[in-house]
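K.L.:
Questions regarding the structure given below will be posed in turn.
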Amino acid sequence: PKMKEDNCLHAALICLGMLYYSHAITTEKLNHARPSLHGHHEKGKEGQVLHRSKRGWVWNQFFVIEEYTGPDPVLVGRLHSDIDSGDGNIKYILSGEGAGIIFVIDDKSGNIHATKTLDREERAQYTLTAQAVDRNTNRPLEPPSEFIVKVQDINDNPPEFLHENYHANVPERSNVGTSVIQVTASDADDPTYGNSAKLVYSILEGQPYFSVEAQTGIIRTALPNMDREAKEEYHVVIQAKDMGGHMGGLSGTTKVTITLTDVNDNPPKFPQSVYQMSVSEAAVPGEEVGRVKAKDPDIGENGLVAYSIIDGDGMDKFEITTDYETQEGVVKLKKLLDFETKKSYSLKVEAANVHIDPKFISNGPFKDTVTVKISVEDADEPPVFLKPSYIFEVQENAASGTVVGKVHAKDPDAANSAVRYSIDRHTDLERYFIINAEDGNIKTTKALDREEIAWHNISVFAVEVHKQHQEAKVPVAIKVVDVNDNAPKFAAAYEAFVCENARSNQQFMTISADDKDDSANGPRFIFSLPPEIIHNPNFTLRDNRDNTASVLVRREGFSRQKQDLYLLPIVISDGGLPPMSSTNTLTIRVCGCDSNGSLLSCNAEAYILNAGLSTGALVAILACIVILLVIVVLFVTLKRQKKEPLIVFEEEDVRENIITYDDEGGGEEDTEAFDIATLQNPDGINGFIPRKDIKPEYQYMPRPGLRPAPNSVDVDDFINTRIQEADNDPTAPPYDSIQIYGYEGRGSVAGSLSSLESATTDSDLDYDYLQNWGPRFKKLADLYGSKDTFDDDS
């Protein structure tokens, strides 16, 4: 019924439109007729000739309704010229957009009809040109004129939304009227004519939660305090209807999915009031004890919860951290526990939201608390030393068995088992110390030398007597206290030089000392000369009181010819208690110096050399010796290069000797057709077998037992003999000599293997079996096949 009603309305609109346009066309013809000049004349009242202008042919803007589906072409309008007297001499011509295809004109009456159904949404108007011409001569009677045919719109397009589905978000608990999203529809009909494109929006689904503004399409919330935790997603259907929403209008719909976004409107809550946990006293700090979790229905950052310990007797023993992946509070051990001291602890844990929305602060407080009770479990603990480490001192050179110190450990368990001690021998490889297994006293086993090892770092084990697996370990550092048992010595191996022309009291050397003992038993050093040479006439010593001493010349004038070396003993004492001293000898050489005191030579032979031979002469002699050595080396090298090669290449030298014998005997028993002696080298019979590819440097005499008989017919023995001769010949380089023996005996059971003249030989053998041997023997089968085959081929 609705479709029938729409069709009737559609037909009525078309009829009204045609009446409207017919009235408009008539009005436009009357209002827009334009005059044009013609050849008629009239006289005026005063005898004046008046030129009467003729009325031009009528044209105007025409209209045609779209989607016309009548049986006859729809009349668009009529063109008429004033010069048309109706005698049929004027011909109307139509050209332009759609002329002859969509629009046709009656060339006599000027009526224009539309022959096709028009769609305004495809094309809104057409521009045409009309002209009146003489039917007989086609001479234009009027200039061409343009006119427009407009396609009049009808409501034939429903509204369409930009998207088939929309998605929008709005915070939960939003106020009524909060804008969610705006949906927009468009209508292809003409918005300037009628209400075909006037749209009105309405909501079909989604009430009473949402509403839509009829003119703008804005969707707004319609209920307060919508809770995401109760319902998160809503599906809304919006309709857009044209004709201002009145009956008969066309409509379109779209779906809008609206999701409530989360806000922090729910505080965290623990599902229980007390948590029970346990931990072993052997647990180490950082070990996890247990987990608690407060539930928050909010999501994202609104559901983040942070945990903290706000009260309890275990605040110093335990700590809690937040696992943000699981939103759990992780209780961990902070300090070591002792079951014998305290067996249980209580904690008060708080869970609070990290992000709080001030709009919903009235829903608070956004936190919750819970009690956590932790019981300590007893564990079989190893012994515990009273100190985490020990430091002892012992003097060096102390006698064996000297007590160094004592360590002590006890069993922390209620049983309080006995403890035994031992030294980790990996830390005391030289076994300097021993320990009493029962009381923990550490003693030395030998005298210690501080200068060798100043500190000994050992480890001591403590184990329970009845539980060997319960073991504790403690580091023990033993310092060897220094005693003054090393005398000071020269800091280096000094060697002094004094000039022959040195002046009296001139300093020429500064010395220092070194002591292996500690600084308390070392410096300050005291330098002096021995009492027996304190009045040494040549040199004297001055202590600088800064752990150094200066050596000075006591007299002037030294001579290398008389004495070129002096030994000066020096006594060095340290500052230890009691002090220790040593006598060190300083070697002093007498050298020749220039006027500035620079050393020239310290050898006594220098005077002798200067008397007979200068330095330049010595250099010249050395240069001559080097040149002679170079000449000798060059001569030896050239002589080696001119040595003759081991192998002489001559014109008649032949590297490859090929001897071919094409004689074919009658079989293995044939000894007359060919003499086997010809296969032997005639020169080999005389005992000498020369090679044609080389010239040996010395003669090789083969062994008598390897020489074959001249008339021997045993080919196998003959070949083996020649091979042995070649292998045992020291003059034979590895050159190739090829000899081919084509001898074949007679009387062989197999007969000749040669295929020569086989095709022409009459044979009674049947070779047809070769056909069955496969493709590899196909060629032989073709050559030696049955004679019938050859006869057929011929």
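Indices start at 1 and increase along the chain as displayed.
Note: Cβ is positioned from N, Cα and C throughout, glycine not excepted.
So TrEMBL says this about it:
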DOMAIN    81-161  domain 'Cadherin'
DOMAIN    162-270  domain 'Cadherin'
DOMAIN    271-385  domain 'Cadherin'
DOMAIN    386-490  domain 'Cadherin'
DOMAIN    490-607  domain 'Cadherin'
SIGNAL    1-24  signal peptide
TRANSMEM  617-638  transmembrane segment
K.L.:
I'm checking region-level scores; what's the whole-number mean pLDDT for the domain 'Cadherin' (386-490)?
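P.N.:
Over the domain 'Cadherin' (386-490), the predicted model scores a mean pLDDT of 91.
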K.L.:
In the domain 'Cadherin' (81-161), how many residues does DSSP assign to helix, to strand and to coil?
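P.N.:
Secondary-structure breakdown of the domain 'Cadherin' (81-161): 0 helix, 36 strand, 45 coil.
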K.L.:
Just give the helix, strand and coil counts over the domain 'Cadherin' (490-607), going by DSSP.
P.N.:
8 helix, 53 strand, 57 coil
K.L.:
Please count the residues of the domain 'Cadherin' (271-385) that DSSP assigns to helix (H, G, I), strand (E, B) and coil.
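P.N.:
Breakdown, helix to coil: 10 helix, 56 strand, 49 coil.
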